Each structure stands twice: as structure tokens, then as C-alpha cells.
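The region 'N-terminal extension' feature in Swiss-Prot is assigned to 1-35. Per Swiss-Prot, N6-methyllysine is recorded for Lys29. Positions annotated as domain '4Fe-4S ferredoxin-type 1' by Swiss-Prot: 34-53. Feature annotation from Swiss-Prot assigns [3Fe-4S] cluster binding site to Cys44, Cys50; the stated evidence is similarity to another entry.
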Amino acid sequence: GIDPNYRSLPVVKEEQGVKIYGTYEPPTKLGIWGTIVGVDFDLCIADGSCINA
């Protein structure tokens, strides 16, 4: 699942007010998006395990 301490990773980009943490190298590495709810687009397979609220 998502790293519960993802907010300690560096903010590498901000897209429409949403912070992106970790590695952001599209199209292969998309990082973890969000602050209140985090979505790891590198782990997400639509089963909900990529969301940390």
C-alpha cells in the first residue's frame, strides 16, 4: 500500500493546487498526489489500496 509517511517526501510539483510527492517522471513515474487524501498513481490498480485518507 501507500507509504503512510509520504508527506515527508519532497514536493516535486504542484498541479492545479495538488501537491505531488516523490518521483515524478511521466509517463512511468507519477508520484503520490494529494495532502489530505494521498493517491499513489504508481501503485493504483483501482482496488482502493492506493488511497490513504
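Each residue, glycine too, has its Cβ placed from N, Cα and C.
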Mapped DSSP class for Cys44 ([3Fe-4S] cluster binding site), helix or strand or coil: coil
Arithmetic mean of per-residue pLDDT over the domain '4Fe-4S ferredoxin-type 1' (34-53): 73
